[in-house]
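What follows is a set of notes on a single structure, which appears directly below.
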Amino acid sequence: MSECDALFVLKVLCCLLLTCHAVDGRKMRGHPADVAVLGDKTVPVKAKEPHISSSVFRLLVAREDTCTLEPPQLHGLSSCGFNATNPLIIITHGWSMDGMMENWVIRLASVLKTHLRDVNVVITDWLSLAHQHYPKAAHSTRLVGKDIAHLLSSLKEHYDYSFQKVHLIGYSLGAHISGFAGSHFKGRDQIGRITGLDPAGPLFEGMSPTDRLSPDDAEFVDAVHTFTHERLGLSVGIKQAVAHYDFYPNGGDFQPGCHLHNIYEHVSQYGLLGFGQTVKCAHERSVHLFIDSVLNEDRPIRAYRCSDNRAFNKGVCLDCRRNRCNTLGYNIKKVRTGKRNKRLYLQTRSRMPYKLYHYQLRIQFEQPMQSTTPSLSISLTGTKEESGAIPLAFTEQVLGNKMYTFLITMDKHLGDLMLLKFHWEGSALWKDVWNRVQTIMTWGGRDTKPLLTVNKISVKDGDTQERTSFCAMTNDERHVEMSKVKVFVRCQQEPGMKHKKRTHT
Ligand SMILES: *[C@@H]1O[C@H](CO)[C@@H](O)[C@H](O)[C@H]1NC(C)=O
């Protein structure tokens, strides 16, 4: 990227961040005739009406070879190898800073082609319009959507091609393009699916459903939000839910391994090169998560419905009943039930395979003594793997009878859970407190050591939805002592039956 480009994009960004919030796309210079028609996006598209496409469509032939389709006559469609019995996936890129097709486009296309085999994969090339000021590129999205709609209409006309078999995958601005394309078809003619990969935020956030990707645009719409970190009221990826299922990996605002905290330093230090790299990382993560879902379909990436990411990280949302969980990516369960805009959360690794296995730990203590915030850690042993020490961060004072829930993530599945070890880190401070407490009161006159008593403890496996309760071998083993490891095993019977209330006699 030249310095001049960098300056240019910086200017665009400044404009976006400071002044362009309220830009009405229609005021932009450009295609007044188109705009008049495009203002109403429900205008049906007829294949016959003369349409000059500003986009180029390329059908993937072999691994990385493409063959250009030329609507409206679609010359070369069959000779390119288009097979009308097979489904069609159209991949649409986003805003372009350098006018080049980004590497992920051909990668996603060839992964889909290689793994799904009986599928037509088409790439929308709208670089000539995408390589503009962001607001101008954003304004072109309706036009490009219309190009895609025309391509689809031509397919219907030539092959009686069913829109059911169409899946549009759009990244960033491409997500909204896909939405605009889909909005041309209603009712029984609705297209099958749209996937928005980190749909663009600026100029789309908060807009009405007809002015952005929305669940109305296809029979089934899913979206993956990976870079919604907000700065001055704007974020690169759209924050609001725009689909039937909206996935927010790692909360959606930034992604592990992307070092977001450096982004603004990067810009001032390295210019746009720094910005581009950092932005792309989290923004583009949505694409790589999707690629991962095709490459590793035997290990589906589960996400869980939750009110927000904070609640998710507390481990309260690992429930799959009534479609509360779903699979991120290509193999999503296409069920549409009840409320729209289901927000789903998950944590991921920083590299492919991104999947993390989620576990929910639930623990309840008996009221031991004075309330405290102990530094506890556990480790889990399953039939396949061991977890290693997992610290439990208590954010509040521990009280008896209250159920505490924690989210635990593992990059391997542990198998059937067999054993849970409990460790209470002895903190000097705490020992000191304890000693003082002990001198004040003596419990039943016994030489008591500091201890916490576990009443109930169980772990739920998010993937299998199985909950395992753990029991102490003996009643005394329930007392977790400072600086000692206590072992709990899988309960033989229902928990709660075995444990009677502890009495100090
Ligand atoms: C189209 O794909 C189907 C498999 O979905 C295959 O059976 C058929 O032979 C293909 N047609 C052509 C012309 O390649």
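Cβ atoms are placed via backbone N, Cα and C, with glycine included.
Automated prediction, rather than curation, is the source of TrEMBL annotations.
Per TrEMBL, active site, nucleophile is recorded for Ser172. Classification of Ser172 (active site, nucleophile) by DSSP places it in coil, neither helical nor stranded. Taking the Cβ of Ser172 (active site, nucleophile) as reference, residues of its chain lying under 8 Å away and at least six apart in sequence are, in sequence order, His93, Gly94, Trp95, Leu197, Asp198, Pro199, Ala200, Val236, Gly237, His283.
Annotated active site, charge relay system per TrEMBL: Asp198 (among others), in sequence order. Asp198 (active site, charge relay system) has a Cβ environment of 30 other Cβ atoms inside 10 Å.
Marked as active site, charge relay system by TrEMBL: His283 (among others). In three-state terms derived from DSSP, His283 (active site, charge relay system) belongs to a helical segment.
Summarising the annotation, TrEMBL assigns Ca(2+) binding site to Arg212, Asp217. Under the three-state DSSP scheme, Arg212 (Ca(2+) binding site) falls in the coil class. In this view, Arg212 (Ca(2+) binding site) is surrounded by 24 other Cβ atoms within 10 Å of its Cβ, with every protein chain counted.
Annotation source TrEMBL lists domain 'PLAT' at 357-490. Within the model, the domain 'PLAT' (357-490) shows a mean pLDDT value of 80, rounded to a whole number.
Residues annotated as signal peptide in TrEMBL: 1-25.
The local packing around His283 (active site, charge relay system), expressed as other Cβ atoms within 10 Å of its Cβ over all shown chains, amounts to 23.
If you draw a 10 Å sphere around the CB of Asp217 (Ca(2+) binding site), it holds 29 other CB atoms from the protein chains shown.
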